[in-house]
Amino acid sequence: MNPYQTFISNLEKAGEKLGKKPEDFEVLKTPERIIEVNFEFNGKIIRGYRVQHNSKLGPYKGGLRYHPDLNLNEAKTLAALMTIKNAIVDVPFGGAKGGLAIDPQKYSKEELKKITELFTQKIADFIGPNKDIPAPDVNTNSEIMGWIVQEYSKIVGKKMPAVVTGKDLQDGGSEGREEATGFSGADILDKTLATLNKKPEETTVAIQGFGNVGAHLARELDKRGYKVVAIAEANGGISHEDGIDIDKTFKATIKREILKNTCYCKGEKCHLKRCKIVGADNVLEQNVDVVAPAAINNQITMHNMKRIKAKIILELANNGVSAEAEEYLQKQGVMVIPDVLANAGGVTVSYFEWEQNLKKQKWTRAKVLEMLSEKMNQGWKEVFKISKDKKVSLREACYILALKKLLK
Ligand code: GLU
């Protein structure tokens with residue numbers, strides 16, 4: 001099944017559970033608008049997308065990713081997931097997603113800036129603070145968001161910080177936005193473990209990805225007492241049975257040290273430096289309690305599902321687990337905490353950023369994180385209640401909750 005078909009099948013299952021007729025939610029099966037753009041850069045054609053899936057709950061909202069594998073089907077799927085996610089955490093937005101099918105590593109910063117400006121020109125008519133508000137996603141960041149604001153403001157002749165979220169603080173970004181996704185992933189895991197009577201100190205975690213999401217998840221889990229024993233990125237990673245010193249590792253990677261060349265571990269045996277090298281592929285197969293794919297889609301699939309040993313999967317990457325793998329793992333008693341709940345903290349703080357921009361306010365980090373925890377708690381409670389009452393998986397519960405709100 002391709003991922004968009006999986007989305008439709010999840011929707012249909014939820015509709016059935018709610019006793020809805022297929023025509024009641026037909027509109028959610030097709031994106032409201034698909035924008036595909038092509039432009040020339042240095043003699044080559046670059047392709048970009050913005051898929052605006054649904055606007056029932058408000059202006060379209062969702063990230064822009066720069067990745068060579070991005071295609072229309074993926075952009076459609078990710079846009080649809082944003083519709084579901086935004087409904088779950090009750091932010092007044094519809095769903096969208098897009099980006100460029102490029103490998104950003106192949107370009108200099110100046111080139112990326114130019115490419116981002118050209119892309120902004122192409123999509124300028126379709127975005128805006130009350131129309132569609134992009135944000136960072138895979139391989140995009142606050143600096144790129146700043147370039148979009150500049151270019152968009154130039155086009156409309158007025159400074160418009162609220163056209164995107166996930167900006168730098170000095171460009172109108174919000175306190176807490178950068179760590180929001182990792183922070184809320186940790187919040188959701190805490191609450192879930194509490195229902196299983198398991199304590200953070202007794203819980204080992206392996207994380208795939210040490211970028212904006214994975215690194216902040218690791219830091220937050222470490223702070224809360226979890227033992228993060230393995231982390232890996234595309235170019236390598238490390239594991240240590242006594243746990244990794246996340247702060248030191250985080251500082252080292254800011255200086256662009258490669259994970260496999262660092263071994264900051266914790267505990268008595270640390271001086272022995274028994275770090276093992278792990279790869280992005282086998283980090284998810286470690287013998288731990290929780291694994292968190294926090295990098296890119298399609299990382300737990302039928303190809304590696306039988307080697308997954310963890311009993312909890314915290315799906316921080318959108319579409320990190322394929323439908324086939326989820327079905328198999330669930331039968332083995334593995335709990336999958338789905339992307340649309342686990343990583344919803346990012347868009348939630350995006351909402352706070354947008355609101356601060358519109359009201360010309362600046363909220364403190366403490367206030368933002370408190371409001372974030374409240375929203376996540378609410379979403380989590382509702383999803384878990386549905387899952388328990390209706391005896392369905394957490395993903396099915398997420399779709400049921402979202403559909404209820406979308407069909408109101
Ligand atoms: N890219 C993030 C996501 O997938 C954030 C989207 C946003 O903040 O609009 O949820």
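Using N, Cα and C of the backbone, Cβ positions are placed for all residues, glycine too.
Summarising the annotation, TrEMBL assigns substrate binding site to Lys61, Lys85, Ser350. Taken residue by residue with DSSP, Ser350 (substrate binding site) is part of a helix.
If you look up TrEMBL, you'll see Lys97 marked as active site, proton donor. Taking the Cβ of Lys97 (active site, proton donor) as reference, residues of its chain lying under 8 Å away and at least six apart in sequence are, in sequence order, Arg50, Val51, His53, Gly62, Gly63, Leu64, Arg65, Ala75, Leu78, Ala79, Leu81, Met82, Asp137. Secondary structure at Lys97 (active site, proton donor), as computed by DSSP, is strand.
Taking the Cβ of Asp137 (site 'Important for catalysis') as centre and 10 Å as the limit, one finds 24 other Cβ atoms among all the protein chains shown. Under the heading site 'Important for catalysis', TrEMBL lists Asp137.
The NAD(+) binding site annotation in TrEMBL covers Thr181, Asn212. In the three-state DSSP scheme, Asn212 (NAD(+) binding site) falls into the helix class.
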Key: CB within-chain contacts under 8 A for Ser350 (substrate binding site), separation at least 6   = Lys61, Val91, Ile133, Ala135, Thr165, Gly166, Arg177, Ala180
Ask   = For the substrate site given as Lys61, Lys85, Ser350, which other residues of the same chain have their Cβ within 8 Å of the site's Cβ centre?
value = Gly62, Met82, Asn86, Val91, Phe93, Gly95, Ala135, Ala344, Gly346, Val347, Thr348, Tyr351
Request  = Looking only at C-alpha atoms, tell me how far Asn212 (NAD(+) binding site) is from Lys85 (substrate binding site), rounded to the nearest Å.
outcome  = 19
Task = Using DSSP with the three-state reduction, classify Asp137 (site 'Important for catalysis') as helix, strand or coil.
result = coil
Key: Set of same-chain residues at least 6 away whose C-beta sits under 8 angstroms from Lys85 (substrate binding site)   = Gly95, Asp339, Val340, Leu341, Asn343, Ala344, Val347, Ala402
Ask   = Cβ-Cβ under 8 Å from Thr181 (NAD(+) binding site), same chain, 6 or more residues apart: which ones?
value = Asn212, Val213, His216, Leu217, Leu316, Asn343, Gly345, Gly346
